[in-house]
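J.: Have a look at the structure that comes next, please.
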Amino acid sequence: MPSQRTGPPASAEPIDPDTGLSASPRRREPRLPHYTVLGVIAVGGALGAVARYGASRLWPAGTDGFPWATLTVNAVGCLVIGVFLVVVSEVFSAHRLLRPFFATGVLGGFTTFSTYCVDIVRLVDSGRAGPALAYLAATLVAAMAAVSAGAWSTRRVVAKWGER
Amino acid sequence: MSDILLVALGGAVGAPLRYLTDRAVQSRHDTVFPWGTFTANVVGSLILGVLTGAALAGAAGHTLQVLLGTGLCGALTTYSTFSYETLRLAETGARFFAVANIAASVVAGLGAAFAGFAVAQSLFG
């Protein structure tokens, strides 16, 4: 919705990437059939979940039980969503199914908040409160750093291209 | 059924469920706070807490853990959308909501996971 742009480029991106409700007055474009959107999210979710499962099999928690695989998966997913959502919001008008498929489906299925929480419960339950606290903080810091780095660096590249 | 298929099946249900939860919750309030993702993350953490407690007590087998835990709960919850929404809140001047989103999500998610874990262990243990 370019006509609504008033602020810096970042204002084109909604807060909620799934619905975009907070950025646009409840979307005017004709809706795609609901089941089509749900279908591509399901396919994306399956792919993302399998990729996360693969990462956890390749990189099982070490003898100290520190969940490196989940931490890495979450940080990578945050980096990619930062890049992806800036690209589809500001660079090209992507097909309307690309965002639900990739952001809501693949990346949503790839990253996980429940495993993050239960990893902490497991660490605390086994008497490792220190590593639990470290994991809690490290994931938050890594995720926020990754999504910021992804979005900011992509906007920089986009702005440079725009100057040419 | 192989583990990969179970994870895919769970993921194929969990991700659309998160989308539907997000839409349902977001259409019912007018604040900038991302209650939709928050709800999906807390509910998923509660279910995974119960499942993990039940598994440690020997009441939930491998198939259930892979299907519902890795697949469904993993895809129902999300870190990428959570972090992106937090970033957008901070960037649009809603710094308080950004910090509140992090604090509330971690406290509620952990609380739900601990509660589910404890209840399942006392029920099945």
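From the backbone N, Cα and C atoms, a Cβ is placed for every residue, glycine too.
Annotations for this protein, taken from TrEMBL, read as follows:
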REGION    A:1-27  region 'Disordered'
TRANSMEM  A:35-54  transmembrane segment
TRANSMEM  A:66-88  transmembrane segment
TRANSMEM  A:100-121  transmembrane segment
BINDING   A:Gly108, A:Thr111  Na(+) binding site
TRANSMEM  A:133-154  transmembrane segment
J.: Among A:35-54, A:66-88, A:100-121, which stretch has the most Cβ pairs under 8 Å to the transmembrane segment (A:133-154)?
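T.: Result: A:66-88.
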J.: When you scan the chain for residues with a C-beta under 8 Å from the transmembrane segment (A:100-121), skipping those not six or more beyond its ends, what do you find?
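T.: Hits for the transmembrane segment (A:100-121): 17-18, 37, 40-49, 51-52, 67, 70, 73-74, 76-78, 80-81, 84-85, 88, 132, 135-136, 139.
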J.: Which residues, given as numbers and ranges, are at least 6 beyond the ends of the transmembrane segment (A:35-54) yet have a Cβ under 8 Å from it?
T.: 73, 97, 100-102, 104-112
J.: Please work out the number of neighbouring Cβ atoms within 10 Å of the Cβ of A:Gly108 (Na(+) binding site), leaving out its own Cβ.
T.: 38
J.: Counting only residues 6+ away in sequence within the same chain, which have a CB under 8 Å from the CB of A:Thr111 (Na(+) binding site)?
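T.: The answer is A:Gly48, A:Arg52, A:Val73, A:Asn74, A:Gly77, A:Cys78.
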